[in-house]
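The structure appears below as structure tokens.
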Amino acid sequence: MTAADWRRTLNPQEQREVRELVGAATEFDAVAPVGEQVLRELGHDRTEHLLIRGSVSGGAADAVVGYLNLTPPRDAQPQMAELVVHPRARRRGIGSALARAALAKTGAANRFWAHGTLEPARATAAALGLSPVRELMQMRRSLRDLPDSVPAVPGVRIRTYAGLADDAELLRVNNAAFAYHPEQGGWTDVELAERRAEPWFDPAGLFLAFGDDDSDRPGRLLGFHWTKVHLDQPGLGEVYVVGVDPCAQGRGLGQALTAVGIEWLARRLGAGDSAADPTVMLYVEADNVAAVRTYQRLGFTTYSVDTAYAVPPAAN
């Protein structure tokens, strides 16, 4: 790659080729090379795209063999890059070329996600002088043998999502709970609408906890648990997002909401069927010790780790 051809938009053919590239890498590595938000951005002009075309061993001579997505600057958060190289076009320096292009564009200020922290990603990071700066753990547990009862929280009632009328409170709590978070914080109606449009969205799997006693304003949202059923992976559910208003923390609300959602996923995915073996997954920041311990108490164990790499501050 002699010059980086950054693009704000991709045409439908290019979007299709990138999705096929991601699918090929996912099948080969048994882990998706980019997050779901990258795929969501393919049809928009909110991020920047970088494509590398070339030959695929035993395949097309002019295929998209490398792709990188770069988020725009946002508040004080570093830009994030995610990239993928076709399994049959690796060991040609494509990944390094994409990464160097991103570093050149951002003045070496961006980060790179390495999903699954696979050996090729670790080797590329080392060759570029990048160091781990953030770890995101994926934890899983079986949906069998769940606790018999969900812990109740006094003065709180939990119901499912009732539609657009819930959105203002949902956004308020989400943005208060994740004010620090580079991906989950700062949501608007756009982010909610995009997720409602996803094939997996089910209002019956979005649980909202409201204050229902004198200590809280009735009707005020205290927390929520958004679950997800992975339609492309039968038997897999996800604790997609659990958010609790900082004013309501310390009451066991997060654990109660998590348990309610997991119980629903177990019913939804047929945990009572002797032939089924459903599983629930979640993501948690590795340095969030309290949350990790909470999930461990709920029976979750570490399944994989995603690592964000960056140029060390002294070298930047």
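Cβ coordinates come from backbone N, Cα and C, glycine included.
Feature annotations, reproduced from Swiss-Prot:
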BINDING   Leu83, Val84, Val85, Arg91, Arg92, Gly93, Ile94, Gly95, Ser96  acetyl-CoA 1 binding site
BINDING   242-244, 249-255, 288-293  acetyl-CoA 2 binding site
DOMAIN    16-153  domain 'N-acetyltransferase 1'
DOMAIN    156-316  domain 'N-acetyltransferase 2'
Task = Give me the Cα-Cα distance between Arg92 (acetyl-CoA 1 binding site) and Val292 (acetyl-CoA 2 binding site), rounded to a whole Å.
result = 39
Query = Of the binding-site residues Leu83, Val85, Ile94, Ser96, which sits closest to Gly252 (acetyl-CoA 2 binding site) by Cα distance?
reply = Leu83
Ask   = What other residues of this chain sit with their CB within 8 A of the center of the CB atoms of Leu83, Val84, Val85, Arg91, Arg92, Gly93, Ile94, Gly95, Ser96, the recorded acetyl-CoA 1 site?
value = Ile52, Gly66, Ala89, Arg90, Ala97, Leu98, Thr124
Query = Tell me, what is the mean pLDDT of the domain 'N-acetyltransferase 1' (16-153)?
reply = 94
Remark   = Counting Cβ atoms within 10 Å of each Cβ, the densest environment among the binding-site residues Val242, Ala290 belongs to Val242
Key: Nearest of the binding-site residues (Val242, Gly250, Gly254, Asn288, Ala290) to Ile94 (acetyl-CoA 1 binding site), judged by Cα-Cα distance   = Asn288
Query = Rounded to a whole number, how many Å is the Cα of Ala290 (acetyl-CoA 2 binding site) away from the Cα of Leu83 (acetyl-CoA 1 binding site)?
reply = 31
Note = Val85 (acetyl-CoA 1 binding site) -> DSSP, reduced to three states, gives strand
Task = Out of the binding-site residues Leu83, Val85, Ser96, give me the one sitting nearest to Val242 (acetyl-CoA 2 binding site) by CA distance.
result = Leu83
Key: For acetyl-CoA 1: widest Cα to Cα gap among Leu83, Val84, Val85, Arg91, Arg92, Gly93, Ile94, Gly95, Ser96 in Å   = 15
